[in-house]
Amino acid sequence: MGIQGLLPQLKSIMAPIGVEALKGQTVAVDTYSWLHKGALSCGDRLCKGLPTTRHIEYCMHRVNMLRHHGVKPILVFDGGHLPMKGDQETKRERSRKENLERAKEHESAGNSRAAFECYQKAVDITPRIAFELIQVLKQEKVDYIVAPYEADAQMTFLSVNKLVDAVITEDSDLIPFGCSRIIFKMDKFGQGVEFHITRLQRCRELDLNGFTMQMLLEMCILSGCDYLPSLPGMGVKRAHALIQKLKGHEKVIKHLRYSAVSVPPQYEENFRKAIWAFQFQRVYDPVTEDIVHLSGIPHGSSEDLDFLGPWLPQTVAKGIAQGNIDPITKEPFEGKTESSALAFDKVHLNRESSAPSNGKKKLDLPVQRNVLTNYFCLASLEAKRKFRAPKVTPKQQVLNGSLPSPRIEDSGTPDLIEDTSLPSNNIQVYQCSSEHFSSGTPLDDSINTASQCSSERVRCDIPRDDSASVSPQCSHDIGSDPAEDPDIEGNKVKVNFCNRSTIPTGSFLEGTLPGISDPFLDSHNTEPSRAAPRYAEKSNVVSANRNITVRSSYFKTVNKRVCTNQGEDECHDEDNCETGNYTLPGDQQRSSGGILKRRKFSDPQNFEDGMFQPTSPHESPPVADKGCDSDSHDGINTNSEGKFGCNVAHVNKYSGIAEKSMDKFAALISSFRYAGSRASGLRAPLKDVKNTLPVRSVLRPPEQRFGCTAKKTTRVPLQSRFSSDATNSTDVPDLSTFAYRPTTASAHSDQGKITSKATDAAAGPPDLRTFAYAPTRSTTSRFDQSENTRKAMCTADSPPDISTFEYKPMKSAVRRSDGSKFSGAALKAARRTSRS
């Protein structure tokens, strides 16, 4: 656990360091901190007792990293339990049990992630786990030592006695122990931070000037450590302030008791024992091979020192230090464990062979036993059937005198095939890999061919005569040799098509290869072979110098494929691979002039002579669907003067069908001619009764018809501005009657005139100026007031004057005898306002 909150307070004096800086030095390593980190990846297996080596591999990776950079590591293991940490060990054991129970509950509930996290907290690194790592260290010749009790005290002993140059750990307890050089937080790349005890005076977070090692130790114990828990509310900063002020733990404890802080009765005694545990703990001395104290015990102390660790015999202490005796049970370990052996095989640098952790042997299969090779190398039953050489007539020998020998072409680089003697009575069609084979062979009764390639092009050009003798030229792909089958079926040719791809004809019809002898030429043909002409385009024509055009037959039942025969026999649906059987009848009639008629699927006896006559689009006969959509065109013939690719007469039939379809579509669309109807034509448009125009006008109506013009009213001569000008309107209410006007004195003689004028204004439209607030004037006004009134009334047709809405002070209705001069001044000011 260490000192809680101490390392963050010393951050300013921590310096980054790399493993390269430790080259040639010896470092002590807190191995249990590495084991705890490595156990995070296999906590569930360690808790269940299942064999695993991940934690060992974690430690050995870092050991090899140190050795790779020239650093000599000494791994230090924890030993037995220290009596001073009894309470702390009890708490940790209780926490591990609780986490183990939670992990089992989560695992039974199916929450594997939460269970794994609880397993990580429940892992207990036991001496048995450490023993497995020790066995690997022995085989790797890495130095190690098992402390009799605490590894922190053992590493401090090695550091103080200059047996090591630095200590690698994650525990801050080494600072109060007095270790001079510590490396914290070292990762797998060898990067960490370095603490040096000489930098304590430069700490910025805590003022440690004047602090001795005893004061630093007491400050750490007061803030809380593994040997003594801290008091409530006591942390590193408060402990630092108290120690800095009072200089000793006795005065601090006395000060806390007088400060109403709850201090347990045994706290001071336990504090003293904690100091002794940090200073005088029992450790193993590798020089004397015996147990010694971390530092010399002062003379005169006669108390029991078993709280520093019980005394052990030298043989037991040595056996524990060497890893042969369990430091807790004090019994020897059993023999070499399986996990340590497996771990050694994994981390050994010069191992010849490594065994996997699960113990399974590596599956080593020959090439032919793999699934991939089985898929490509096994031949089907059709490919294993042998072929019988057909009989050849002299007429066919003349026709096939120019057939070429087979040739191999692979990506533009010809490779010669080994010399193979093919029998004259058997022809084997090979399985395809990446080579192409072309052979000319006459047929009498039947040919049984099979192709197992994933992409092939089967092309057969067969001239026929009255005797039903056939001489095909087929280009196939070559693979492995299939076995022969004695069973032969007559009068049928079976071909398997799988994603066929077109192969240029000209590239395979030139030259001969000495490696393969043509069975037909060897046994029957006496004329020398002549090279066939090279074709620039893909075609089903075998020879251009003869007036014979032969197309290969088609499947009888072909589903889900659309095939065309204009220049090449390719299927548009190349994604589907189907196999079909078709029959070449032995008796096929041949018309005069070298015209070969194509057989129809639905009726093999239905043939037409002559060229296909184009018909009108509307008289196209219905197309019968017998399994192939576009292959079975009735009556499509070829003559000796042209090629089959030039015959496009069947286009007229489909153009007629398309024209009929377009006529129907146009007739359907023509019914929706009304503007406003939907473009989709889902429903008829709604009839507009009011609008009878065929085309709706898009012009905007004249805005003059809707223009707003001002209505002129009859002027009333010389009306007061307190009344409205309109007198002719009787329908529109006069809003001016609702205007607020202050009442004037009843003594004025002109009050009746004002009232009568306001009444006459009810007949006209409302004047906004009547809503202006204006004070009433006395009856004894000057003569020039009428001029202002006349000017104001002349502007009735113009927009209202905003100045009329100004606030004007009212004049008193009853004139005072001494206020004449003030009345005159007020009238002049009112006159100026009205003029403006």
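Even glycines carry a Cβ here, placed using N, Cα and C.
According to Swiss-Prot, the protein carries these features:
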BINDING   Asp30, Asp78, Glu150, Asp152  Mg(2+) 1 binding site
BINDING   Asp171, Asp173, Asp226  Mg(2+) 2 binding site
COMPBIAS  578-592  compositional bias 'Polar residues'
COMPBIAS  744-758  compositional bias 'Polar residues'
REGION    1-99  region 'N-domain'
REGION    82-108  region 'Disordered'
REGION    138-230  region 'I-domain'
REGION    464-488  region 'Disordered'
REGION    568-641  region 'Disordered'
REGION    744-836  region 'Disordered'
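Distribution of Swiss-Prot features across the structure.
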residue : record                : contacts (Cβ under 8 Å, 6+ apart)
Asp30   : Mg(2+) 1 binding site : Val76, Ala151, Asp152, Met155, Val167, Ile168, Thr169, Glu170, Asp171
Asp78   : Mg(2+) 1 binding site : Tyr32, Ala130, Val146, Ala147, Tyr149, Glu150, Ala151, Pro327
Asp173  : Mg(2+) 2 binding site : Gly2, Ile3, Asp152, Cys225, Asp226
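Among the listed binding-site residues, namely Glu150, Asp152, the Cβ with the most fellow Cβ atoms inside 10 Å is that of Glu150. Same-chain residues with CB within 8 A of the center of the Asp30, Asp78, Glu150, Asp152 CB atoms, the Mg(2+) 1 site residues themselves not counted, are Tyr32, Val76, Ala147, Ala151, Ala153, Gln154, Met155, Thr169, Asp171, Asp173. For the region 'N-domain' (1-99), residue counts in helix, strand and coil come to 60 helix, 15 strand, 24 coil, using DSSP. For the region 'N-domain' (1-99), the model's pLDDT averages out at 92.
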